[in-house]
Amino acid sequence: MSVTDCFTQINSFTQINHFTETHRYVGRFAPSPSGDLHFGSLIAALGSYLQARSQQGRWLVRIEDIDPPREIPGAASRILAQLEHYGLYWDGDVVYQSQHHARYREILQQLQQQGMSYYCTCTRSRIQQLGGRYDGYCRTRNLSADNAAQRLRQTTPVFHFHDKLRGNLYADKTLAQEDFIIHRRDGLFAYNLAVVIDDNDQGITEIVRGADLIEPTVRQISLYQQLDYAIPTYVHLPLVLNTEGNKLSKQNHAPALPDSDPRPVLLAALQFLNQPLPENGQEMTLSALLAWSVAHWSLNIVPLQAAINTSTFTSAFSKGPW
């Protein structure tokens, strides 16, 4: 099911329990070490960086290394080196999710003790036969943790949320009401659990990321509510597509960002985000180019539609999905 199958825009919605204006802005970039950063990764990193710096906020980096089978040795250090090469320097220490297992287990135990989660032995094939959405079969079976996943008992489904770029988005009801997995059967911590705990613990006030993560947002907000955490605001940036119209990704073998002069690539990224460009951008120092971009950053003019990127980093745009 695509993102556009699960979400539509609506005209009115007021989100409760957000951080207030008195909180200092804290943003983040949270890549997984499954490969080097590519142009699509740069769009998310640059967009979140400019949004944070334009509000005199902090910009944190977190390595989401909770899925070892998908990780590539050395990718985390290369990602950090790439960010530095492109002038995107972060605040504070880099956080690694692999160091937070005890914290995740603490919250899992809390949810279980409070009756807010339960164990489930349903297989992926069974759920696929149901159309891809879990039906709550194990909700009242009182199963043990043996060879079982742990699911959130959904009590606060979120049917819509506000995106600062896209407006108000409405989720498919079956997605919003699903008891989703927070601890996998194979013992790994689910992405939705880890990201909510870490964003809360790091004091993240706004999440700026790619539009491919619109769908999990309602699940994450529901978990925020059940844990009584303050909910950050959200911005979902347009995706970069390859020439075949697919999302530029590590899984689709997107080429790594070049390690040559970063300025032409940054200018292409700014152009992709529909931002104004300095007349002498190629001649500016990297730090001056980024400072100029921070001063002229405007979220309101970022496009909604995905776009095709070419290998020469020109702006070949075409309409596409989020």
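Backbone N, Cα and C atoms are what each Cβ position is placed from, and that goes for glycine too.
The Cβ of Glu64 (L-glutamate binding site) has 20 neighbouring Cβ atoms from other residues within 10 Å, across all protein chains displayed. Per Swiss-Prot, L-glutamate binding site is recorded for Arg28, Phe29, Ala30, Pro31, Ser32, Glu64, Tyr191, Arg209.
Per Swiss-Prot, the feature Zn(2+) binding site maps to Cys120, Cys122, Tyr134, Cys138; the stated evidence is sequence analysis. Around Cys120 (Zn(2+) binding site), taking its Cβ as the centre, 21 other Cβ atoms fall within 10 Å, counting all chains. Reduced to three states, the DSSP call for Cys120 (Zn(2+) binding site) is strand.
The ATP binding site annotation in Swiss-Prot covers Lys250 and is backed by sequence analysis. Annotation for Lys250 (ATP binding site): same-chain Cβ neighbours under 8 Å, separated by at least 6 residues, are Ser34, Gly35, Asp36, His38.
A mean pLDDT of 97 is what the model gives for the motif ''HIGH' region' (31-41). For 31-41, the entry in Swiss-Prot reads motif ''HIGH' region'.
The annotation motif ''KMSKS' region' is assigned in Swiss-Prot to 247-251.
Neighbour counts were taken at the CB atom with a 10 A radius for the binding-site residues Phe29, Tyr134, Tyr191; the maximum falls on Phe29. Listed as Cβ neighbours of the motif ''KMSKS' region' (247-251) (distance under 8 Å, sequence separation of 6 or more from its ends, same chain) are residues 34-36, 38-40, 212, 239-241, 306, 309. Rounded to a whole value, the Cα-Cα separation of Arg28 (L-glutamate binding site) and Cys120 (Zn(2+) binding site) is 33 Å. Secondary structure from DSSP puts Tyr191 (L-glutamate binding site) in a helix. A distance of 19 Å separates the Cα atom of Cys122 (Zn(2+) binding site) from that of Tyr191 (L-glutamate binding site). Note: the motif ''KMSKS' region' (247-251) comprises 0 helix, 1 strand, 4 coil (DSSP; helix = H, G, I, strand = E, B).
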